[in-house]
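Colleague: When I checked TrEMBL for this same protein, it listed these features:
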DOMAIN    4-162  domain 'Thioredoxin'
ACT_SITE  Cys51  active site, cysteine sulfenic acid (-SOH) intermediate
Amino acid sequence: MAPIAVGDVIPDGTLSYFDEQDQMQTVNIHSLAAGKKIILFGVPGAFTPTCSLKHVPGYIEKADELKSKGVDKILCISVNDPFVMKAWAKSYPENKHVLFLADGSAKYTHDLGLELDLSEKGLGTRSRRFALLVDDLKVKAANVEAGGEFTVSSADDILKAL
């Protein structure tokens with residue numbers, strides 16, 4: 001399957017997260033994105049070094065600036081279970097705007113065409129590192145990293161596309 005690209009409509013799918021009352025919720029991506037400008041960024045794994053020290057903090061730090069440019073929602077997706085994503089989200093007490101979504105079976109990541117096989121490293125199927133700028137379900141920018149790089153999917157890179 002070809003990776004999602006500029007001009008494509010994002011696939012619909014169901015992901016999970018824990019709300020502020022610590023209740024697990026499932027959410028339909030189209031319900032979050034229809035009629036809105038969103039950033040959907042994906043990372044290979046919660047608590048991994050580049051994801052935890054660079055990628056996620058960048059979106060948390062730049063959230064107000066992104067919102068001032070018309071972004072309604074900032075969504076972080078990872079192939080991890082909802083409990084891991086909850087613990088990871090709680091490790092960023094300063095976060096007010098990034099919603100951490102679990103794609104436990106990698107189904108949505110597969111539907112995006114952005115899965116990454118890290119079986120030889122003992123990690124199984126994961127997500128490639130990416131950032132999508134989506135306006136009313138249509139991809140306006142698709143910044144997908146090669147391999148383990150972190151060169152095109154940062155919050156600063158998405159700000160340039162706004």
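Cβ coordinates come from backbone N, Cα and C, glycine included.
Caution: TrEMBL annotation is automatic and unverified by curators.
As the structure is a computational prediction, the values presented were derived from the model and not from experiment.
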Colleague: Measure the Cβ-based neighbour count of Cys51 (active site, cysteine sulfenic acid (-SOH) intermediate), defined as the other Cβ atoms within 10 Å of its Cβ.
Modeller: 22
Colleague: When the pLDDT values for the domain 'Thioredoxin' (4-162) are averaged, what is the result?
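Modeller: On average, pLDDT over the domain 'Thioredoxin' (4-162) sits at 93.
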